[in-house]
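*Asks:* Structure provided below as structure tokens; questions to follow.
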Amino acid sequence: MLALLVLVTVALASAHHGGEHFEGEKVFRVNVEDENHINIIRELASTTQIDFWKPDSVTQIKPHSTVDFRVKAEDTVTVENVLKQNELQYKVLISNLRNVVEAQFDSRVRATGHSYEKYNKWETIEAWTQQVATENPALISRSVIGTTFEGRAIYLLKVGKAGQNKPAIFMDCGFHAREWISPAFCQWFVREAVRTYGREIQVTELLDKLDFYVLPVLNIDGYIYTWTKSRFWRKTRSTHTGSSCIGTDPNRNFDAGWCEIGASRNPCDETYCGPAAESEKETKALADFIRNKLSSIKAYLTIHSYSQMMIYPYSYAYKLGENNAELNALAKATVKELASLHGTKYTYGPGATTIYPAAGGSDDWAYDQGIRYSFTFELRDTGRYGFLLPESQIRATCEETFLAIKYVASYVLEHLY
């Protein structure tokens with residue numbers, strides 16, 4: 001029986017990732033102290049196949065920081081030799097990626113249909129958006145705000161008790177395709193909001209007085225690609241004139257210091273900003289919706305992974321928002337609330353200094369539109385599993401994040417503008 005379960009798990013992992021096997025691949029964490037170290041990493045990236053996990057690209061590495069990256073099996077010896085020869089301190093976060101890829105799925109035989117404690121394929125999430133709206137007509141309605149590059153409908157769930165001219169909070173998940181815990185949280189949020197409405201005073205008040213616009217997966221094409229072809233795909237799946245490389249980083253594609261810093265103009269790079277701001281159908285759909293609802297949207301929350309961080313503007317420049325002190329105090333209180341459940345520690349602060357400079361992000365864009373409360377959440381973990389957070393951690397991750405979102409929402413409700 002045990003052998004059968006192992007075979008089922010291996011078969012699932014293989015089926016989910018289009019034949020990628022990951023055997024012998026490693027994930028390194030390197031301590032970077034100065035520009036010389038950065039140059040060594042840059043040279044490595046130019047001669048070997050390196051997939052940067054944190055930060056997103058070699059251009060975002062800063063002195064006195066760490067960098068996490070994935071290395072193909074055939075390059076691991078070369079990479080370790082270079083790091084040792086140049087006396088860079090490092091550790092191996094994942095010694096055999098295949099084992100961790102397979103372990104992200106619960107070893108139990110997977111039930112068909114939707115589950116809030118498993119990672120769901122897009123077709124399952126799509127069906128869920130219809131089902132959850134149909135089953136809860138007094139609290140949820142579903143709409144389509146646009147289509148993806150490959151022609152798929154982008155669904156938005158409006159969660160809240162019916163009412164006229166209610167203030168709203170916009171929350172999206174699934175910007176970067178490989179960050180699977182992000183869409184899992186948006187689904188959990190909707191379920192918990194409905195389940196606890198009428199039972200929990202705080203949630204009931206929030207849904208009575210606020211609307212939540214929840215976008216479960218923005219980058220649907222990319223998300224599907226991570227299930228069928230390439231588990232660590234990040235970008236959209238758009239094509240580009242004059243290049244065979246695919247995709248744009250949707251979180252470098254907004255008109256907020258577009259492509260000025262921490263983004264690339266090379267279509268082959270993971271942080272490609274696109275040929276123009278809002279060039280991607282997905283980002284344009286999101287931006288158009290927010291512009292149309294700008295008078296009612298009081299907070300913007302975007303859910304990513306990994307790092308355990310809560311960041312706020314600005315990321316496209318080393319400057320602070322006009323209500324920076326308020327954002328800092330709110331972030332401090334929110335991460336304290338989050339930690340109260342499972343002890344998970346988050347760091348917080350302005351994006352550029354807390355994580356890295358990055359232009360064209362949706363949080364900065366929303367803030368510059370006049371949405372005073374704009375936050376990015378980087379969910380679990382801090383690198384042990386990275387983008388491969390096991391399904392066994394979905395519940396705890398979502399429980400603590402739900403606390404955080406409730407805290408922010410209650411604050412916003414008390415500080416309407």
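Every residue, even glycine, has its Cβ placed from backbone N, Cα and C.
Straight from Swiss-Prot, here's the annotation block:
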ACT_SITE  Glu378  active site, proton donor/acceptor
BINDING   His176, Ala177, Arg178, Glu179, Arg234, Asn251, Arg252, Ser305, Tyr306, Tyr356  substrate binding site
BINDING   His176, Glu179, His304  Zn(2+) binding site
DISULFID  Cys173-Cys186  disulfide bond
DISULFID  Cys245-Cys268  disulfide bond
DISULFID  Cys259-Cys273  disulfide bond
DOMAIN    118-412  domain 'Peptidase M14'
SIGNAL    1-15  signal peptide
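Tell me about the setting of these features in this model.
*Replies:* Counting only same-chain residues at least 6 apart in sequence, those with a Cβ under 8 Å from the Cβ of Glu378 (active site, proton donor/acceptor) are His304, Ser305, Tyr306, Ser307, Gln308, Met309, Met310, Ile311, Ile355. According to DSSP, Glu378 (active site, proton donor/acceptor) is assigned to a strand segment.
For Arg234 (substrate binding site), the same-chain residues lying six or more positions away in sequence with a CB closer than 8 A to its CB are Asp56, His176, Ala177, Arg178, Gly222, Gly247, Asp249, Glu270. Classification of Arg234 (substrate binding site) by DSSP places it in coil, neither helical nor stranded.
When secondary structure is read from DSSP and collapsed to three states, His304 (Zn(2+) binding site) falls in the strand class.
Taking Cβ-Cβ distances under 8 Å and a sequence gap of 6 or more within the same chain, the neighbours of Cys173 (disulfide bond) are Ser182, Pro183, Phe185, Cys186, Val214, Leu215, Pro216, Val217, Leu218, Thr302, Ile303.
Within 10 Å of the C-beta of Cys268 (disulfide bond) there are 12 other C-beta atoms, taking all protein chains into account. Classification of Cys268 (disulfide bond) by DSSP places it in coil, neither helical nor stranded.
Sequence-distant neighbours of Cys273 (disulfide bond) (same chain, six or more apart, CB under 8 Å from its CB) are Thr248, Asp249, Arg252, Asn253, Trp258, Cys259, Ala263, Ser264, Arg265, Ala359, Gly360, listed in sequence order.
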*Asks:* Setting His176, Glu179, His304 aside, what same-chain residues sit with their Cβ within 8 Å of the center of the Cβ atoms that define the Zn(2+) site, listed in sequence order?
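*Replies:* Other same-chain residues near the Zn(2+) site: Gly174, Phe175, Ala177, Arg178, Ser182, Arg234, Asn251, Ile303, Ser305, Glu378.
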*Asks:* Whole-number Å only: compute the distance from the Cα of Glu179 (Zn(2+) binding site) to the Cα of Cys245 (disulfide bond).
*Replies:* 21
*Asks:* Give the residue from the binding-site residues Arg178, Arg252, His304 that has the most other Cβ atoms within 10 Å of its Cβ, counting over every protein chain displayed.
*Replies:* Arg252
*Asks:* Taking the Cβ of His176 (substrate binding site) as centre, how many other Cβ atoms lie within 10 Å?
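*Replies:* Taking all protein chains shown, His176 (substrate binding site) has 24 Cβ neighbours within 10 Å.
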*Asks:* Restricting to the domain 'Peptidase M14' (118-412), what is the model's mean pLDDT?
*Replies:* 98
